[in-house]
């Protein structure tokens, strides 16, 4: 009896080339989808619900726009600047990633061959067992979430037109530099700085750039800074849940294969996040007598961020230690240092991205240099015999120094480039909304509101909804009441 030929093997099997590993390809596309879901709808929901009601639509739209804009910029020029042929020690050559012959060929990162000092090959070029299309999309969603995380510092006052200009400029001149330097075969990659999945490329850069941009954009209105309650705590938790579970693709996809290191990375990610959430919550209870839901989400995020540069490089017990650190150090900088620092008070970082991403990301990178296990390093890093400081030897101490230096480069580059971009945009369009728009919110900016107070799309009308001569006062009191929320121990900074 004749056997049927699977559809994917027609045309002499050209759809399944000899180098294709179906398991690796399937996992890489699933991992990319998980990371995409962290942004869409994860952070769209989280941003739209964690802010004051009048900014729900604008905050969600900033994330939505960034996701779409990054995709087009990425495939048009930015992917090859991050993972293509070397142009400079910190930058790849720009070019499109759109052609059929390029996208269905075997994925590889051309600048990643590692050489010994004598010129012999130490580690071969990074080559994956799936098509370039899978790699381009996987790295695209990482770039997109970086811009969305950065937006958390600017919610509630940035001119949406300025944001539309900022996204492609920052992606081109900041993100691509960090990505190529640390992942694509740049000087930090070959020096041996360990950033497993973006503690520096994504979190440190978004935290520093967000804080810098917040300085140039300026603050929210005084009333918004003094009182900025979330409009829907339950939806905020839904967004946070997508962010947490989506991190399986975030850290589990960065070995570029469905291998043993990916499994370890996923487990360590969840262990660290859970530990951090519990530590943050305990500190809230100890010092403020209440467990804050917002605080728990912040602790979850700092744990996920802290383990990101180390996810597949450390043992499980180290993930717990890192969780303890990520649940306490950013808590201290946010709840204590922030309130005593004139600089931190001056800059209006809406969601405290500096603390949750810059502080946690830099700390995670340094802790990677301390706890990185030698055998696990050999599974992932191009520089052989790398190891953390606790495993002794000269290499361990050197690794900590490399981690600090790599973090300082990302910090310095983002401060300078983000400042230049913001000042260039200012010549074209104001960075901050007008005072009138800031008082009104979504209705002024988008002509839309997240919630209808009186009916389906219906605003208050005293001729329909009652109220005597003091109806304006009644409406004022009503609006005040609906904006009240339980003053949990940790409020949005």
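Heads up, the Cβ atoms here are built off N, Cα and C, so glycines get one too.
Caution: TrEMBL annotation is automatic and unverified by curators.
Feature annotation (TrEMBL): of 262-286, 437-461, the stretch labelled transmembrane segment is 262-286. Distant neighbours of the transmembrane segment (350-372): 47, 50-51, 149-150, 152-156, 194-196, 199-200, 202-204, 206-208, 210-211, 214, 220, 228, 298, 301-303, 305-310, 313-315, 318, 321-322, 325-326, 329-330, 333-334, 338, 344, 386-391, 399-404, 406-407, 411, 492-493; these residues of the same chain sit at least 6 beyond its ends, with a Cβ under 8 Å from one of its Cβ atoms.
Under the criterion of 3 or more C-beta pairs below 8 Å, with sequence separation of 6 or more, the transmembrane segment (230-250) and the transmembrane segment (293-311) qualify as touching.
Looking just at the domain 'Ammonium transporter AmtB-like' (26-451), the mean pLDDT is 95. Taking Cβ pairs closer than 8 Å, the transmembrane segment (293-311) reaches residues 50, 194-200, 202-203, 230, 233, 236-237, 240, 243-244, 247, 250-252, 254, 264-266, 268-269, 271-281, 284, 318-319, 322-323, 325-327, 330-331, 334, 352, 355-357, 359-361, 363-365, 367-368, 371-372, 488-492 in its own chain, all 6 or more past its ends. Taking Cβ pairs closer than 8 Å, the transmembrane segment (167-188) reaches residues 65-66, 69-70, 73-74, 77-78, 81-84, 86, 89-92, 109-113, 139, 142-143, 146-147, 150, 195, 200-201, 205, 209, 406, 409-410, 413-414, 417-418, 420-421, 424-425 in its own chain, all 6 or more past its ends.
Most Cβ pairs within less than 8 Å of the transmembrane segment (136-155), among stretches 200-218, 262-286, 404-429, belong to 200-218. Of the recorded ranges 26-48, 200-218, 262-286, 317-338, the transmembrane segment (404-429) has the largest number of C-beta contacts under 8 angstroms with 200-218.
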